[in-house]
Structures are given as C-alpha cells and as structure tokens.
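Asker: Structure provided below as structure tokens; questions to follow.
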Amino acid sequence: MTAAMKLGMGLLMLVACMGLSLATGASWISPSAIVASLWQPDVLNPVQHVLLDTRLTRTLMAVAVGSSLGVAGALMQALTRNPLASPGLFGINAGATFAIIACSSLFALTSMSQWLWCAFIGAAVAGTIVWVIGNRGQGSLNPLRIVLAGAAITALFTAFSQALLVVNQDGLDTVLFWLAGSLSERDLLTAAPLLMCVVLALGGSLVLAGQVNVLNTGEAIATALGQRTGLIRLLMSLVIIVLAGSAVALAGSIGFIGLLVPHMVRKTLSIDHRWLLPGCAVLGATLLLLADTLARVVILPQEVPVGVMTALFGAPFFIALVRRGARYG
C-alpha cells in the first residue's frame, strides 16, 4: 500500500472520529440528528445548541491541538536528532504555566481570551529564550545545548511558578486546571486567532518538509548542497514554538502526543518528512479526539481531563519505546 493510500485511510479515520466526538457525551446524538443540525439549522432545537455550541467547538479544538502537537513533535525530533524529544523541551509548558499564574496574580484575569494570550506569550517567551541559548557559542544551533537550555528554563519557570503560588494561594486552582489539560469550556471565536496561527504554522511546516529531509542527511552534506542550515533551523524552531505554544494555550499541558505520534507514523507511513508531517497531523488529531471522547464518558456524568487520558495510555508506550532503544529516523 502506498503512502498516499495510507494517508487517505488516516483522513477517513479522522473524519469518523470527528463524527464519534460529535455524537458522544452526556447524551448520545444520532448521526441523522447531527446531519440535520448541520445542514438544516434550527435555533429552537436543543440538540443543535449542544452540537454547535459545545461539541463542534470541542472537536475542532481537539483536531487543532492534536495536529499541532504531532507536527511539533516530529520537527523537534528532527531539530535535535533525539528520538525522545518532544515540544516540551523548549520549556513551553513551564513558560505558559508561569505566565498564567503571574498574570492571574497581578492582573486578575477574567476572560478566556486573556488566559489564552497570556499562555501563548509565556510559551513563546520561554521557547525564544531556549532557542537563543541553544544558538549561542559556535555559531550554529546545537541539539545538546537545546536540551540543556530547555531543562534549565523549565526548572527556572517552574520555580517561579511555585514561588508565586506560595504567595498567592488563589492561583492554585487555576494552575491545576491548566496542568491537567482540558478541551472543555472553550469558545471558538475567542480561540480563532490562535487557530489561524496553527493553520499558518502547519502550512509552513509542509513548506519546510523537503528542507528538513536534506538537513537530516547531515550538516556537511546539507551545506554542500547549498542549504542555509542556520535559517532552516531558525524557521523550524519558529514553527515549533507557534504550534506548541498555541496547543498549550488552547488546551493546557497535554503530554505524549508530540513524543509518540512521530514514531508511530515513521513505522506505518514514511520517514520522508513530506509524508511524515501530514501523517503526524492526522494521527495526532485522531488520537487526541479518541482520548477526549473517552474522557467524556469514562466517569459519567463527570469528565476526566484529556491530559490525564493521554498520560494514562501514553506512558506505557513511552516505557516500551525506551526499552526497545528508540532511534531517530
């Protein structure tokens, strides 16, 4: 089976999971009712209110966040040539968490849009600091320095966050909600600017895919072929920061998607980034949709944070990956 056929099957599976996400919740909505609500809107229909105002928004958020984490993870592993790398290496989660706590303490955030932008700015600042540190020294970005800088910045922002929580206990509920990861209570119009950033960054990743393949052949070969390796690494880092920062801002801390999805796609689809990146987007969105759908029904009428579900199923895969001696490429 060709890579195109496999990717097509993945897209069909994604559409099916989107339908399942729309139908599943505290009450089941039949496929016929879903189609009727989408094609023949009726403002007096309570089913339409649940479907369009709640489940459709949640489904689109899951697709955006899952695809962002999957592609960001693949690019991060290519950038660092580390099979166990994930977008969190840029300190993005810690930066977003610190920004949420700091802004909540100083400015008393009252709206979801304020939360989203504070988290995105915090993630972007942390990622930029890590990139600057990793790019200093010998004139080119060093994967080892990226890992060390990411660990240091994560520890620094985590310490700042803990210090603020000691001073302001009211921020504890906010950070616990954020760290658990959730797709509920999101507004599509409020999140629209970040969703546009995700779309643009995903498009940028596809444009870079061929250059990433050349970069993976090695620094010397890529330079001999005329590639500006420094510029390509800068653009890759920018795309990673935008994708992962948007995902963290939209849904909080969701682990393992960015780490595991690239390995699964390499095994089943291709190691060519022109196929790998679209495959990571599709599989990342599909897995997060399934995790969120399961999180809604596992302890009805309550919900489990989707970050808990991804950790529950992702941790065993991660352990297996380490035991088998994961390799990049």
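Keep in mind that glycine also has a Cβ here, set from the backbone N, Cα and C atoms.
In TrEMBL, annotation is done automatically, which means it is predicted and not curated.
Got these off TrEMBL a minute ago, pasting:
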- 56-76: transmembrane segment (TRANSMEM)
- 88-108: transmembrane segment (TRANSMEM)
- 114-134: transmembrane segment (TRANSMEM)
- 146-168: transmembrane segment (TRANSMEM)
- 188-210: transmembrane segment (TRANSMEM)
- 231-261: transmembrane segment (TRANSMEM)
- 273-291: transmembrane segment (TRANSMEM)
- 303-322: transmembrane segment (TRANSMEM)
Asker: So, does the transmembrane segment (88-108) come close enough to the transmembrane segment (303-322) to give 3+ Cβ pairs below 8 Å, pairs being at least 6 apart in sequence?
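Answerer: Contact criterion not met.
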Asker: Output the single range from 56-76, 88-108, 114-134, 188-210, 273-291 maximising the number of Cβ pairs under 8 Å to the transmembrane segment (231-261).
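Answerer: So the stretch in question is 56-76.
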Asker: Where else in the chain does the transmembrane segment (88-108) make close Cβ contacts, counting only residues six or more beyond its ends and a cut-off under 8 Å?
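Answerer: Contacts of the transmembrane segment (88-108) (Cβ under 8 Å, skipping residues fewer than 6 from its ends): 76, 80, 114-115, 118-127, 129-131, 146-147, 149-151, 153-158, 160-161, 164-165, 167-168, 170-171, 174-175, 178-179, 237, 240-241, 244-245, 248-249, 253, 255, 258.
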Asker: Give residue numbers and ranges for long-range contacts of the transmembrane segment (273-291): same chain, 6 or more residues beyond its ends, CB-CB under 8 A.
Answerer: 3, 6-7, 10-11, 13-14, 17-18, 20-21, 59, 62-71, 73-75, 78, 202, 205-206, 209-210, 212-213, 216, 254, 257-258, 261-262, 264-266, 306, 309-310, 313
Asker: At an 8 Å Cβ cut-off, counting only pairs 6 or more apart in sequence, do the transmembrane segment (56-76) and the transmembrane segment (188-210) clear the bar of 3 or more pairs?
Answerer: yes
Asker: Under 8 Å, at least 3 Cβ pairs, sequence separation 6 or more: does that hold for the transmembrane segment (146-168) versus the transmembrane segment (188-210)?
Answerer: no
